[in-house]
Amino acid sequence: MVKQIESKYAFQEALNSAGEKLVVVDFSATWCGPCKMIKPFFHSLSEKYSNVVFLEVDVDDCQDVASECEVKCMPTFQFFKKGQKVGEFSGANKEKLEATINELI
């Protein structure tokens, strides 16, 4: 399941409550073509990797979170463990997304 993040507080809360689990954050926008293309794959990964926390941040709805995380383009995927960023890449690259998850779990 992918959790939709709608505030800076909800983002921090989600990172904190994840504990030891890997957190994957998809920074996207409704008007972004590549974001729409990879979204179903991101959701399917959330079903496949039940021990990983998947979050989705709409950069237009949560500009403060996107700014704090220094997101420059969409889609950007960031990976967190114990509240610390441990990885990041931009672009709708399905293979890289799944490979990065496997590398970090």
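Any Cβ shown, glycine's included, is placed from N, Cα and C.
The model shown is predicted, which means the values in this text are computed figures rather than measured ones.
Features of the protein shown, as given by Swiss-Prot:
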{"type": "DOMAIN", "residues": "2-105", "note": "domain 'Thioredoxin'"}
{"type": "MOD_RES", "residues": "Lys3", "note": "N6-acetyllysine"}
{"type": "MOD_RES", "residues": "Lys8", "note": "N6-succinyllysine"}
{"type": "SITE", "residues": "Asp26", "note": "site 'Deprotonates C-terminal active site Cys'"}
{"type": "SITE", "residues": "Gly33", "note": "site 'Contributes to redox potential value'"}
{"type": "SITE", "residues": "Pro34", "note": "site 'Contributes to redox potential value'"}
{"type": "MOD_RES", "residues": "Lys39", "note": "N6-acetyllysine"}
{"type": "MOD_RES", "residues": "Cys62", "note": "S-nitrosocysteine"}
{"type": "MOD_RES", "residues": "Cys69", "note": "S-nitrosocysteine"}
{"type": "MOD_RES", "residues": "Cys73", "note": "S-nitrosocysteine"}
{"type": "MOD_RES", "residues": "Lys94", "note": "N6-acetyllysine"}
{"type": "MOD_RES", "residues": "Lys94", "note": "N6-succinyllysine"}
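Location within the structure of each feature annotated in Swiss-Prot.
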residue : record                                         : CB count, 10 Å
Lys3    : N6-acetyllysine                                : 16
Lys8    : N6-succinyllysine                              : 14
Asp26   : site 'Deprotonates C-terminal active site Cys' : 24
Gly33   : site 'Contributes to redox potential value'    : 9
Pro34   : site 'Contributes to redox potential value'    : 15
Lys39   : N6-acetyllysine                                : 17
Cys62   : S-nitrosocysteine                              : 22
Cys69   : S-nitrosocysteine                              : 19
Cys73   : S-nitrosocysteine                              : 12
Lys94   : N6-acetyllysine                                : 13
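Cα-Cα distance from Gly33 (site 'Contributes to redox potential value') to Lys94 (N6-acetyllysine): 15 Å (rounded to the nearest whole number). On the backbone, the CA of Asp26 (site 'Deprotonates C-terminal active site Cys') and the CA of Lys94 (N6-acetyllysine) stand 12 Å apart.
Predicted-model confidence for the domain 'Thioredoxin' (2-105) is 98, expressed as mean pLDDT. Cys62 (S-nitrosocysteine) sits 7 Å from Lys8 (N6-succinyllysine), counting Cα to Cα. Taking the C-alpha atom of Cys73 (S-nitrosocysteine) as reference, the shortest distance to any of the recorded positions Lys3, Lys8, Pro34, Lys94 belongs to Pro34.
The two recorded residues, Lys39 (N6-acetyllysine) and Lys94 (N6-acetyllysine), show a Cα separation of 10 Å. Spatially, by CA atoms, the recorded positions Lys3, Lys8, Pro34, Cys69 include one closest to Lys94 (N6-acetyllysine), and that is Pro34. Helix, strand and coil counts from DSSP across the domain 'Thioredoxin' (2-105) read 43 helix, 30 strand, 31 coil. Cys69 (S-nitrosocysteine) has Lys8 as its nearest neighbour among the recorded positions Lys3, Lys8, Pro34, going by CA to CA distance.
With respect to their backbone Cα atoms, Pro34 (site 'Contributes to redox potential value') and Lys3 (N6-acetyllysine) stand 20 Å from each other.
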